[in-house]
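Undergrad: Relevant sequence annotations retrieved from TrEMBL are reproduced here:
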type	residues	note
COMPBIAS	609-620	compositional bias 'Polar residues'
COMPBIAS	762-776	compositional bias 'Low complexity'
DOMAIN	2-284	domain 'Protein kinase'
REGION	596-655	region 'Disordered'
REGION	691-776	region 'Disordered'
REPEAT	366-404	repeat 'HEAT'
REPEAT	523-561	repeat 'HEAT'
């Protein structure tokens, strides 16, 4: 029901205290006697429009018409008709006189005449926008006349308002009434408040108050005339003063002129129905109208049509009026994406349109939709978000990233699609600075630890690069625990040469985080080996890294020599210029089909391959270095060096570091095949040979002291012994007889095994009966013979 609240209070204007809205400044223009105010809700501050109409008494004709308009607007709902929110009637007293004011609250709108001046559109863009607006008003009038059998009676420029999304809406329903043309008994005026309409807007029959002719006319006759008046005011830019001015058609577009003339026909029965105007006029066929129309009904389109439309939309949006795109198309796209009815390509257009907004509006209109999209299960949407994260990542707040965005992105680290894993990895370059230390240490580093041993070499390479880039966002304890292990134990030993190169680059870029002991005992020994890497790029980077770290050591030496004891524990020297900047991605993106990029990698090589081969062809093995990364461990020499310990670490790298100080034959951390760097002395090898020569073969060999740590890999090749191709293996601490067991390989316990022939591996078997030398051969039989075969011989 229509709600009337009458507040009788003392003083003028104080009755507004009961209105749940704040009344703001009025617009300069409004229809009829109404005043159009800006306003806001007292509850949430949302914008509204407030229309007010005042009268000296309750029987005032303007108030009666206003009440009719409020009632009609409440009951009639259509997308192109102004939306009603609230109404009230307040009576105020000023001394002995009273005044009644009617308030009507609607959605926020602006008079069309003011909006046209504000937009300032010209040329084709103006015509396209006018075509879209006229299309909307024609639909509203057609709905009233054809569907509701109502007559608006006052269609003009003043009765049209514009929403914040630039939609045109019809209002001013004060004169609106039912069309009673089928009522033969009706004789009085059909439009009770037609006196409110200006004479220049009335067709001939209405101006003469010929109600008989009006009732015999079609329901749309009066409003078709009014629509013609609206078209004239729209394109001429002036308010209609006289009916005769409608004959000035110079400003009317040629494609609309014929329909304009039919709308203003002098014969009511021949006036064009507004529904026919929508169907027949070629004026409405333009890019803007077609685009908005598709967006409004695209839920009815199939997937192929949607995909084609959204792929063309980014380029099409550049040709449309910018304000229309930002205020109309952008909200439509946001709604479609949030409710899942838009395809992933729509996100590209959405972000492109959003980039045209100021930063404040971008945060309000675009970011909330993007945050919601991260929770989407559509893999194509997730891929599109990650591909464009550089466009909006900086605008996301740290709290939103840590609490709402990252939990959804993190699922991509373990996705079955290699392409999605790589995009997730690269997105961390933008998002990692906004993550809390708890999230980085407790979640992100765990995923990066797994990605560093991913089956895709490009992902392993880029994981190393990412660690180098985000090192500054790790706390000191995490850097001590993670960086060296990740770059040396894993990256420098990767079978993929770009991964090894990335490890060297990462070490150089993060050189300021390492102290002297770490550089001298853990970094340089691992990097120096790569100076003989099979890949020339790796060798080049290794030499540069060695020079950089040696320069740091030299500067430290100069400081300590000069008596600067403050530099005894730390380096205090930043990395060389050129390395301190962010590392770029070393690998190109994987294909969308998810094909592995192993085609560009080195052939898989056994990680146990030594620097030189121990094959009999020793010279050729020494000339060609192995393509496998060198495996270096300084645990025997570095046991006394201070290394940060993190027994509670769960990020995947702490176990590697902790295992350095444990027994190397422990298989806890997966790096138990790391061997010491030191080489056996030549004099010891010669002593072994001489001892072997003096020892009788028939006697068990004596027990000898071990010359190598027991933790070396039991293989026929020795990684750290460059003399392995010619030197005899070191004797073991226990002795056994030579004939304990026969083996097909060399016996490590026999010093002569390198040159002695292997013992026989077979034993003589007794000759089968009838098969020995003393057996007499059976005489051959002539002719066909019957051969008896059993089933087992078949």
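Placement of Cβ uses the backbone N, Cα and C atoms for every residue, glycine included.
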Undergrad: Please list, for the repeat 'HEAT' (523-561), how many residues fall into helix, strand and coil according to DSSP.
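TA: Across the repeat 'HEAT' (523-561), the residues distribute as 36 helix, 0 strand, 3 coil.
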Undergrad: Calculate the per-residue pLDDT averaged over the repeat 'HEAT' (523-561) and state the result as an integer.
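TA: Average per-residue pLDDT within the repeat 'HEAT' (523-561): 94.
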Undergrad: Which residue counts does DSSP give the repeat 'HEAT' (366-404) for helix, strand and coil?
TA: 30 helix, 0 strand, 9 coil
